[in-house]
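Below is one structure, written out as structure tokens; comments come after it.
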Amino acid sequence: MFFKKKRKIDYDLDMTNIPKHIAFIMDGNGRWAKKRKMPRTYGHHEGTKTIRTLALEANRLGVKAMTVYAFSTENFKRDASEVEYIFKLPKEFFNLYLKELMDNDVQIRYIGHLEMAPIETQKIIKDAIAQTAQNHGLILTFAFIYGGRDEIIEATKDICEQYKNGHITLEDITEDYFERHLMTKDLPPVDLMVRSSGECRLSNFLLWQLAYAEFVFDETLWPDFDEERLHHAIAIYQGRERRFGGVLK
Ligand code: FPP
């Protein structure tokens with residue numbers, strides 16, 4: 001009988017310096033499927049398993065928040081059949097894993113324009129959020145129909161309304177105030193952003209929030225991204241000196 005050899009995780013992580021918030025650009029599902037002569041949708045299907053694996057491991061390591069880029073405002077440019085398939089994935093994902101995520105105290109949230117998704121998709125995601133609202137473990141946020149520029153424009157419009165109505169003065173508009181108008185207002189700052197598949201772009205993801213995050217670009221295609229790659233990314237993060245614009249001590 002053959003057993004799949006489990007890769008050894010041998011990074012000596014500093015448990016006192018685990019990033020509080022890790023954001024993932026889940027890239028490479030299509031290429032992963034193509035290599036196997038399968039349709040792109042099969043790659044997305046397999047990619048959802050990676051979300052579960054990483055959420056459980058991040059939670060175990062004590063990461064507070066994990067945000068995954070599941071669908072961008074630009075992804076509507078894809079074939080209608082692929083878009084339709086991605087919109088069905090939350091149902092499959094939560095049917096398979098919600099109980100396990102509950103058992104591990106994981107909270108589900110989303111950022112983005114969920115109202116643009118089919119009603120059934122909206123309902124599935126909102127149900128998962130409601131069921132996990134009292135949990136205190138990892139906050140797993142799905143960026144779903146999300147765009148960073150759009151988020152900044154929405155926040156700006158909110159703030160302009162406040163100003164127009166005389167509720168605030170120009171001096172009130174600080175970075176802190178602006179941040180409180182972003183969709184991520186209840187999440188800790190992003191410490192680490194990981195993009196799989198070797199592409200080195202932000203693709204309109206968390207543009208404000210990534211200002212001081214550390215970036216790790218990993219060659220692994222998303223369905224193959226596993227606990228070992230997560231540990232590797234955290235090890236790289238721990239090897240970096242974060243200065244937030246200051247100087248080396
Ligand atoms: C990028 O790979 C991936 C996406 C645009 C979709 C990712 C979505 C999921 C993994 C599932 C979402 C799940 C839930 C539960 C909402 P790509 O298609 O751009 O890959 P390629 O660059 O190789 O073509």
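Every residue number used here counts from 1 along the chain in the order it is shown.
Using the three backbone atoms N, Cα and C, a Cβ is placed for every residue, glycine included.
Here is what TrEMBL records for this protein:
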- Asp27: active site (ACT_SITE)
- Asn75: active site, proton acceptor (ACT_SITE)
- Asp27, Glu214: Mg(2+) binding site (BINDING)
- 28-32, Arg40, His44, 72-74, Phe76, Arg78, Arg195, 201-203: substrate binding site (BINDING)
Checklist entry - With respect to ligand 1, which members of the recorded positions Asp27, Gly30, His44, Thr73, Arg195, Glu214 satisfy a Cβ distance under 6 angstroms to one of its atoms? => result Asp27, Gly30, His44
Checklist entry - What is the one among the recorded positions Asp27, Glu214 whose Cβ has the most other Cβ atoms less than or equal to 10 Å away? => result Asp27
Checklist entry - Once the chains shown are all counted, how many other Cβ atoms turn up within 10 Å of the Cβ of Leu202 (substrate binding site)? => result 14
Checklist entry - For the binding-site residues listed here, Gly28, Gly30, which shows the highest count of neighbouring CB atoms within 10 A? => result Gly28
Item to check | binding-site residues listed as Trp32, Phe76, least Cβ neighbours within 10 Å | outcome: Phe76
Item to check | Asp27 (active site) as reference: those binding-site residues from Thr73, Phe76, Leu202, Glu214 with C-alpha within 10 Å of it | outcome: none
Checklist entry - Taking the Cα atoms as reference points, how far is Thr73 (substrate binding site) from Glu214 (Mg(2+) binding site) in Å? => result 24
Checklist outcome for this item: Simplified DSSP label at Phe76 (substrate binding site) comes out helix
Next on the checklist: Between the Cα atoms of Glu214 (Mg(2+) binding site) and Arg195 (substrate binding site), what distance do you get, rounded to the nearest Å?
Outcome noted: 11
Checklist entry - When you measure from the Cβ of His44 (substrate binding site), which residues in the chain that are at least 6 apart have a Cβ under 8 Å away? => result Asn29, Glu82, Tyr85, Ile86, Leu89
